[in-house]
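Chemist: Got these off Swiss-Prot a minute ago, pasting:
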| type | residues | note |
| --- | --- | --- |
| BINDING | LYS351 | ATP binding site |
| DOMAIN | 635-738 | domain 'tRNA-binding' |
| REGION | 601-634 | region 'Disordered' |
| MOTIF | 26-36 | motif ''HIGH' region' |
| MOTIF | 348-352 | motif ''KMSKS' region' |
Amino acid sequence: MEDDGKSSPKLPIPGKRNILITSALPYVNNVPHLGNIIGCVLSADVYARYCRLRGYNAIYICGTDEYGTATETKALEENCTPKEICDKYHAIHKEVYDWFGISFDKFGRTSTPEQTEVCQAIFNKLWDNKWLSENTMQQLYCDTCKKFLADRLVEGSCPFEGCNYDSARGDQCEKCGKLLNPTELKDPKCKVCQNTPRIRDTDHLFIELPLLKDRLEAYIKKTSVTGSWSQNAIQTTNAWLRDGLRQRCITRDLKWGVPVPHEKYKDKVFYVWFDAPIGYVSITSCYTSEWEKWWKNPENVELYQFMGKDNVPFHTVMFPSTQLGTEENWTLMKTISVTEYLNYEDGKFSKSKGVGVFGNDVKDTNIPVEVWRYYLLTNRPEVSDTSFSWTDLQAKLNGELLSNLGNFVNRVLSFIAKPDNAGYGSVIPDAHDAESHSLTKSLAEKVEKFVAEYVEAMEKVKLKQGLKTAMLISSEGNYYLQASQFWKLYKEDKPLCAVVIRTAAGLVHLLAQLLEPFMPSFSCEVFKQLNLPPQFSLSDERGEVLLASRPWDILPPSHRIGTPQPLFKELENDEVARYREKFAGSQSDRRARDEAANLADQLNKTKLSDAKKQKASSKGGGKPKPQPAADREITMARLDIRVGKIVKAEKHPKADALYVEEIDVGGGEIRTVVSGLVKYIPLEEMQNRMVCVLCNLKPAKMRDIVSQAMVLAASSSDGSKVELVEPPKTANIGERVTFPGFEGEPDDVLNPKKKVWETLLVDLNTKENLVACYKDVPFTTSAGVCKVSSISNGTIR
């Protein structure tokens, strides 16, 4: 989704905020996976859309990083030229980002004449200013392949103490993140032939980072504060400075890259770390011939850069050093937004190894793009690693998008669309004296506060907080509708009902504006249902932010809306199980499974004679008998865990360590439960708590009181802390807690001799994100997953 080129390129405008936004250039060695997408292009897209929403003059520049060893390696794998690999994967990346709705102003590439021109010009400046030196270095040479091995063509064990990762690349260890030289690896191997290379001398050019240290440190010290750098960026950069800057090689013994414009080194190319960040500049030069107005205009342009944490030193140390070394008036990076890693289920996403869900996979799931964007952004790993899981995606779609946001919008618009005498005939009603209605006034005050918090978060590039705040407005809207009882007001007090409905319709409009950076297709659909053109604006200059304090004035009376439609569809358990199975393992594993399935299908088709002899149910007669509970497989489906509410809790009259609770487990049933929680949870905190209750244990007498169920709680690893496992507050009392992928009816009563509970108990735990799980499957309700307050990696009993 790029500027189509018909409009004139944007240039900085004096007196306006001019913001240049870049995303780390994705490499063309594979299809981008979800971790790549949230770490770079999607996060930058949200901020770019926010800037446009606010009326700032912003451009978003990105493209594929195409030179270097990884491209040559991939070309060897696919038996084609590096240029063919780049053409193929550039098109794939573009298609994926278009599907995700990424709003680049220019999505280019680095294998262009413009890249060569800009890169060589910067090199010449560094050479003229004497920031470069020549040196002989030792490099690994493969006698079998008859060539020097670039960093990514070597793998071995990481040399750093405490790491020893056995698949470290020659340029960087993926596990500990440290940058390496290939000769530092222990037990190195050539990735092409798997033979052990030898060390050989070769001459190269280096940038003298130690000589630039004072200028660089002054820039970092000032800008990291004024630009509000993310903490992980500051920590990584300070670690580099603390460990001491070294001269860094900027040339490589390769063919695929920007040629070095120096007679002695004309057979070498620039190292990708030196070349790739310059790609931002060259891609901008493809966008406009007046690119210097963006890149050499620090007085009027703010540069915001987005990337994953492994790219930090190249953008806070290397690229600024290169710019400073030219002694030209470059626009240096002001703000850097860095993400940690997004992990996949039990392990890591890996583009090179093909592990995880990839950008081209998501189109085949039939899950809409707005759901993918929302899930990735709510799960954005801003300060620590986060994990993608199919059950969490399901919980967020069903519990947040469908039950909260979609429910609010559809409820409001559907009521307006009802015919006269049942609704408003699709016309926004007129409303008077909204300020005098206390519930409406209270709502407006909350919304005004939330919008201010949203703007503050987004200005600081705290995208996850901005999204969370916008969703709180939707929650307040749902509460407002429920508390107002508008369906009664429509019959009993039509003027007041008009106030409520017009105010709620204004909130729908406001939510579409606030959420456009995150879910543009959702916002376009809402505006379509409001019968409005998809033009989004939240400008201070036009007073649109102030309207948040008067939501009843956002939409004019007599405005005719369009046709309301459901905005989200529930994701079912069987779909989640199917996706989890489909995307298990690596891409090569999936291909092998598909081939095996196709082979099995072909074999089945050849067994026609057997099929004729055994016509499905021709002889058996009747349905198969249900399997006795005693013989069933032991899975979580056999447990009857329900959402309960403690209506009364008191000390056991005959045991100091026990509580006796009366718990509502739904259907009008109150059960007596005895729990050994006195040492861990104060009595006052037990009152009126939502809890998870195991209801099909055999009743047991505990000090003369029969306990009819068990309250589930988590304990810390040392046993010093215990917390209740709590369902979401909006979960229905009595509903069954489920475990996606484990379907079936529970046993009436668990047979103690079969040890069903004891078998399953060992795999009940809490995760880093405090979600209660069986193995990695969350305790799930219709309102979302069950959690504990603070115990991560705990055990549940």
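Yeah, the Cβs are placed from backbone N, Cα and C, and that goes for glycine too.
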Chemist: Could you tell me the mean pLDDT the prediction assigns to the domain 'tRNA-binding' (635-738)?
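Modeler: Taking every residue of the domain 'tRNA-binding' (635-738) together, the mean pLDDT is 93.
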Chemist: For the motif ''HIGH' region' (26-36), what does DSSP give as the number of helix, strand and coil residues?
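Modeler: The composition, in the requested order, is 3 helix, 2 strand, 6 coil.
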Chemist: Please work out the helix, strand and coil residue numbers for the domain 'tRNA-binding' (635-738) from the DSSP assignment.
Modeler: 7 helix, 50 strand, 47 coil
